[in-house]
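S.K.: Have a look at this one.
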Amino acid sequence: MQSNQTSSTMEVEAIPPEAKPLPPKPKFEPLKPHEMSDGQVQFRKVNVPPHRYTPLKKAWMDIYTPIYEQMKIDVRMNLKARRVELKTRHDTPDISNLQKCADFVHAFMLGFDVIDAIALLRLDELYIESFEIKDVKTLRGDHLSRAIGRLSGKGGKTKFAIENASKTRIVIADTKIHILGSFANIKIARDSLCSLILGSPAGKVYSKLRAVTARLAERF
C-alpha cells in the first residue's frame, strides 16, 4: 500500500517534458489616421452665421494657415452652402486634429478672436461653454438691457476684469454668453457672470473674484 502511494507521488513530481517555445510577438506598425476609419475620408462642416461672414473673409488666411500647414487638414469655404468644410488627408498625423480644427473654426464663428481660438489647436484641456441670460434669470425689456450692461461694464471693464482674473475669454453676443477656457476657470467666470445677472454690484463680484483667484494661486 505504501509503495503505491510513493509511486503516485513520484508520478506527480515527475518533470514535464520541455514545452515548445512560443512564437515571437507580432510587431504591428502604428495605424495611420486614414487607416483607422477603413481608409474613408472623414469630414466636419461648420456653418457660418450671417454676421460672421465678413470677419471670416478678412481673417481667412489666419484661419487657413494653421489648419492646413500645421494640423494637416484640408479646409475650404463652401460659398453656396455658407459653411466651412474640413476633411482629413493621407498625411494627417493624428485623427483628433480634425475635431480640434472644427472646434477652432466654431469658436471663431461664436465671436472669439483668431488669437484666442487658436489655443484650441495647441492645448487639449480647453472647452467652450455657452449659456443664455434667461437660463439664469428671466429678464425682459430694460431689466435685460441693464443685466447686459452689468456684464460688460463701462467700456468692457467688468468683462476684461473677469477674463484676466479667471484666465478665460468671454464673448457676450446679445443675450448669449460664450466662455473659452479650462474646466475650473470656466466655472469661476460663470459664477461671476451669474452673480452679475442676478443683480450683484460689480464691486462685490470683484472682491469675490480676488478671493477665489488667491485661493487658486495658493493651490498651484
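Just so you know, glycine gets a Cβ as well, placed from its N, Cα and C.
Here the structure is a predicted model, which means the values were calculated and not measured.
Among the features that TrEMBL reports, compositional bias 'Polar residues' is placed at 1-10. What TrEMBL records for 125-198 is domain 'K Homology'. Per TrEMBL, region 'Disordered' is recorded for 1-30.
Distances, neighbours, how buried they are, the whole picture for these features please.
M.R.: DSSP states for the domain 'K Homology' (125-198), grouped as helix (H, G, I), strand (E, B) and coil, give 43 helix, 17 strand, 14 coil.
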S.K.: I'd like to know the mean pLDDT over the domain 'K Homology' (125-198).
M.R.: 90
